[in-house]
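Taking it in order: structure first as structure tokens, then the write-up.
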Amino acid sequence: MNLSSASSTEEKAVTTVLWGCELSQERRTWTFRPQLEGKQSCRLLLHTICLGEKAKEEMHRVEILPPANQEDKKMQPVTIASLQASVLPMVSMVGVQLSPPVTFQLRAGSGPVFLSGQERYEASDLTWEEEEEEEGEEEEEEEEDDEDEDADISLEEQSPVKQVKRLVPQKQASVAKKKKLEKEEEEIRASVRDKSPVKKAKATARAKKPGFKK
């Protein structure tokens, strides 16, 4: 039996869900698995283990079984509570945090025995591998950004040189064109002077002057 009740704190990004189960003669084992799905890290905080009102006057022993895929086959179950109705009907568990999956077993006694606690989910906690993957992705993004910035800087440094190189031939062409125009203007002026009637008249007068006799 799971008691579902959720609460969250924004500061720590933690969600807690009430949890409980019953061990008895009919069901001697119970495996805890997270109720919420996702990449949140989950812990089971075990609070109390107590006998039911119908429990017999006998010793009830509750233990945690080792994981089924445990490599070390020599690992033994761990007893967490020994209860008896007239002596110790309930125990409080302080600071007990378990990682799922966790299997509880009623080793001795007929029950019922009730276990209660909280499921604690921390959305901000990541596994070591996930943290490494995220750090690797961030480093790759930073390297790509640095490469882009270097490429932009190199383009900015090269572009003024290219502009200067382009301006030099343009300047030389304008100087050559100017000289050509000046030369053409001089030729035009010379041809105009040669064709002037005043200059021709002076030339003929000078040619006839030596021909007069006294």
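Counting begins at 1 with the first residue displayed.
Glycine too: its Cβ is placed from the backbone N, Cα and C atoms.
Per Swiss-Prot, the range carrying the annotation motif 'Bipartite nuclear localization signal' out of 21-36, 165-180 is 165-180. If you measure from the Cα atom of GLN84 (site 'Interaction between pentamers') to that of GLU57 (site 'Interaction between pentamers'), you get 6 Å. Local packing around the recorded sites GLU57, GLN84 was summarised as the count of other Cβ atoms within 10 Å of each Cβ; on this measure the leading residue is GLN84.
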